[in-house]
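J.: Not my notes, these are from TrEMBL:
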- B:4-261: domain 'Heme-copper oxidase subunit III family profile' (DOMAIN)
- B:16-35: transmembrane segment (TRANSMEM)
- B:41-58: transmembrane segment (TRANSMEM)
- B:79-102: transmembrane segment (TRANSMEM)
- B:129-147: transmembrane segment (TRANSMEM)
- B:159-177: transmembrane segment (TRANSMEM)
- B:197-220: transmembrane segment (TRANSMEM)
- B:240-260: transmembrane segment (TRANSMEM)
Amino acid sequence: MYYKFSGFTQKLTGAAPTAAYNPQGLKLSLPAESPTMIFATPTKLVSEAGSTVEYLGTNKVPDLQKFFQTSDGVPVHLKRGYPDRLLYRTTMALTVGGVVYCLVALYIAAQPKKK
Amino acid sequence: MAHQAHAYHMVDPSPWPLTGAVSALLMTSGLAIWMHFHSTTLMSLGLVLLLLTMYQWWRDIIREGTFQGHHTPPVQKGLRYGMILFITSEVFFFLGFFWAFYHSSLAPTPELGGCWPPTGITTLNPFEVPLLNTAVLLASGVTVTWAHHSIMEGQRKQALQSLTLTILLGFYFTALQAMEYYEAPFTIADGVYGSTFFVATGFHGLHVIIGSTFLTVCLLRQMLHHFTSEHHFGFEAAAWYWHFVDVVWLFLYISIYWWGS
């Protein structure tokens, strides 16, 4: 880590080797330009890495995003059409039927026992 | 979709809060009807309605987040707070069972023989299956972290493998616990020892099953390319939950299985 004196904060801050604060007045002979990047592995083209990208099924998310982002005013729980409507109507039928059945059962349960 | 000048999610009207509330009504009333009239029809109807609501509500959240892009950074922040608060509430849920356990075991009443474990109770050896269970859960904590780093680095194959391994370890834990319950030399009816043991470890087991289900949903979503390296909060929530279950087990192991025996 190299430091330099910041004129703004009046404190020592981090610095590149060339800009570093040298109280002894000696400048170390350091390379001015940053070293070139070295990549650990040979870079692969997307076409070469095809098998790993497609591992276990293709990506259908972009198509689904296009489909679900169409502005047709249909709420999200019905947006897929028929299967959504079928499931929704089944659930609502059970909800309404269940409430009626529940109220009847509770009414019967609330009657005094006849002896 | 109308243009909006903010990043918050304006939700569509949804029927699921209503169907969920009705399912709660049917299950609770159904429980009373079952106890009085020996009929489980109403309770089962409530359970079916609950499962239908859960499936469709969470399906819609996936649609909103992954397909419609409503889970913007401020929305994700809200989801994070929500999950943190939920897990905090779960911590206090388990705190109650630990309180009951320590209340009973730190000052055992004369009825228990003035000792813990109570007179006549043969406990499970903490260095047999329970220690293996501890190792299994700790290992699953490692594999779920491996899965998280794989997702963050876009290593699809490794993410799928490590997530599968985590789920398998979860099911292995559940299987071992089931065997341990079957072999246990005491029952839930064996006084306060049996009650505190089976209620605490039983609710923990239920949470392991819920966590495994949550991770299985994440595995399916990972297969379907739902998670990106930057945006995968569904997985993160599952991982948080899994770590929570893991930590609860460590407390159960140290308190009930080891110190309590």
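Backbone N, Cα and C atoms are what each Cβ position is placed from, and that goes for glycine too.
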J.: Which sequence-distant residues neighbour the transmembrane segment (B:16-35)? Criterion: at least 6 residues beyond either end, Cβ under 8 Å.
T.: 41-47, 49-50, 52-53, 56-57, 60
J.: Three or more CB pairs closer than 8 Å, sequence separation of 6 or more: does that hold for the transmembrane segment (B:79-102) against the transmembrane segment (B:197-220)?
T.: yes
J.: For the transmembrane segment (B:41-58), what are the same-chain contacts with Cβ under 8 Å, counting residues 6+ beyond its ends?
T.: 14, 16, 19-20, 22-31, 33-34, 217
